[in-house]
Amino acid sequence: MTQADNQNPKPMVLIILDGFGESDETTHNAIKEANTPTLDKLFRHYPHTLLEASGRAVGLPDGQMGNSEVGHLHIGGGRKVPQDLTRIDAAIASGEFYENPALIEALEKAKALNKAVHILGLLSPGGVHSRDNQIAALVELAHHCGIKKIYLHAILDGRDTPPKSALLSIEKITDQFHAYGNGKIASLIGRYYAMDRDKRWDRTEKAYDLLTQGTAQFHALTAKEGLMLAYEQGNTDEFVSPTSIHRHNETPITIEDGDVVVFMNFRADRARQLTYAFLDDHFTAFNRQVRPKLSAFVTLTAYAKDIHAAVAFPPLELHNTLGEYLSARGYRQLRIAETEKYAHVTYFLNGGQEAPFNGEDRLLIPSPKVATYDLQPEMSAVEMTNKLVEIIQNDDYDLIVCNFANPDMVGHTGDETATREAIQVIDDCLKRIITALQSVGGEALITADHGNAEKMFDEKTNQPHTAHTSNLVPLIYVGREAQFCKEVGALDDVAPTLLYLMGLEKPREMTGRNLITLK
């Protein structure tokens with residue numbers, strides 16, 4: 001399709017409704033059940049289409065649900081990007097995993113010093129932050145390397161998986177340890193504590209103290225017993241309190257001087273805080289009573305440039321992402337989101353680029369400090385909208401990218417009523433943003449990174465559905481008269497479509513396609 005050759009509206013606003021999927025099912029669909037006059041009007045009167053946001057369309061295995069990291073990477077990248085989950089699984093299948101230099105070097109250090117190897121990771125089949133088969137592969141590698149003490153500190157999911165589903169993963173890895181005879185699960189803790197990303201350092205501290213001092217609310221003889229104890233306390237997997245697994249006459253297993261740690265989460269954002277607690281020489285977020293001097297600390301993927309650890313699978317470099325391409329042409333752009341999704345509209349949208357590009361400003365709106373977001377389903381959407389409306393009216397930017405976290409973050413709680421309220425808040429915010437845009441002659445593309453809020457209950461497990469979905473997501477254009485092509489697109493088509501509407505050809509690195517024609 002040819003480049004749009006008329007005067008291009010300004011600003012163009014890309015609105016990402018995080019966790020907003022499309023489903024014809026109306027029961028337990030918080031989006032369909034919500035009162036959404038603005039969205040109803042958009043779908044009735046403006047051009048719209050659907051996009052694939054899961055599986056191969058976003059560089060994941062067939063059937064694998066999408067997630068925010070992958071979604072933003074494809075929205076900003078404009079191309080299919082092989083994801084870490086796929087890369088690592090392929091390395092396991094080919095045998096390359098078992099020859100990985102970073103892993104082998106760390107394991108050899110532990111063997112030479114007769115020290116323990118501690119595996120940290122989300123023990124889950126979810127495939128969003130980790131996958132349990134990859135943890136099993138590392139246990140296998142450590143066994144074949146002759147490591148005598150292999151300890152798994154299992155972080156439990158219940159968010160990208162059903163709320164009470166950890167037992168199967170625990171039993172599988174326990175059977176593997178029994179077969180090898182040289183390892184065990186040493187501790188359990190819910191991801192609520194170990195994988196915080198919102199600087200709630202009191203949660204991270206509980207995980208760190210469990211790992212380094214054995215400080216635990218509960219003690220159990222086996223991991224299964226520890227999990228059942230958590231369930232008896234009314235906790236689901238995500239919220240399992242720090243639990244040490246050991247015999248009554250033994251001391252807890254902790255990470256000690258000379259030991260090796262391998263963090264097996266492949267997604268960076270929720271692994272950073274705990275990693276900083278181990279590695280940051282200038283760490284001040286809480287008082288570390290113990291800081292073990294480790295022989296090695298390996299991260300499965302790169303978590304951040306200022307985290308100095310060996311990396312088993314370094315990132316693929318992306319060039320000419322949406323942000324970089326616009327920056328090189330002198331366009332001014334703004335990224336705005338609340339804390340929970342700030343990394344996604346900056347780091348991930350920019351293809352893993354930490355620093356802003358020239359002409360790129362960033363605005364962080366703090367997320368509310370509540371235990372879970374069903375307690376405040378509006379989160380910080382109204383505050384962000386207030387800022388956004390003001391910025392639109394000032395006419396300082398060519399492109400504004402914003403993310404509304406509510407459908408995803410409230411959807412993850414499994415609270416259908418709260419999620420419905422969250423959708424209604426977003427609907428009100430969209431009305432204000434579109435009104436402001438139309439008053440200055442601006443335009444909007446509205447999309448999502450993956451599904452979530454459209455499925456709030458799982459009939460198969462008879463539990464609340466707290467995970468993402470593999471459903472399609474919308475793409476709505478609010479602007480000039482236009483028509484979308486008939487074929488379903490994918491998230492990597494968003495950037496080429498956006499560039500077309502801004503009157504720009506896409507760069508050759510972008511393999512996604514423009515989905516719209518201006519009339």
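From the backbone N, Cα and C atoms, a Cβ is placed for every residue, glycine too.
Cross-referencing Ser68, Ser380, Ser470 against the Mn(2+) 2 binding annotation in Swiss-Prot, which names Asp18, Asp449, His450, picks out Ser68.
Binding site for Mn(2+) 1 per Swiss-Prot: Asp408, His412, plus His468 from the candidate set His319, His468. Swiss-Prot annotates His129, Arg159, Asp160, Arg197, Arg267, Ala268, Asp269, Arg270, Lys341 as substrate-binding residues; of Arg191, Arg203, Arg332, the candidate listed for that same site is Arg191.
A distance of 15 Å separates the Cα atom of His129 (substrate binding site) from that of His412 (Mn(2+) 1 binding site). Most Cβ neighbours within 10 Å among the binding-site residues Asp18, Asp160: this distinction goes to Asp18.
Considering only the binding-site residues Arg197, Ala268, His468, the residues lying within 10 A of His450 (Mn(2+) 2 binding site) on a C-alpha to C-alpha basis are His468.
Neighbouring residues of the recorded Mn(2+) 1 site, listed in sequence order and excluding Asp408, His412, His468, comprise Asp18, Gly19, Asn67, Ser68, Arg159, Asp160, Pro407, Met409, Gly411, His450, Asn452, Ala453, Thr466, Ala467 (Cβ within 8 Å of the Cβ centroid).
Counting in whole angstrom, Asp160 (substrate binding site) lies 11 from Asp408 (Mn(2+) 1 binding site) by their C-alpha atoms. Reduced to three states, the DSSP call for Asp160 (substrate binding site) is coil. If you compare Cα positions, Asp449 (Mn(2+) 2 binding site) sits closest to Ser68 out of the recorded positions Ser68, Arg197, His468.
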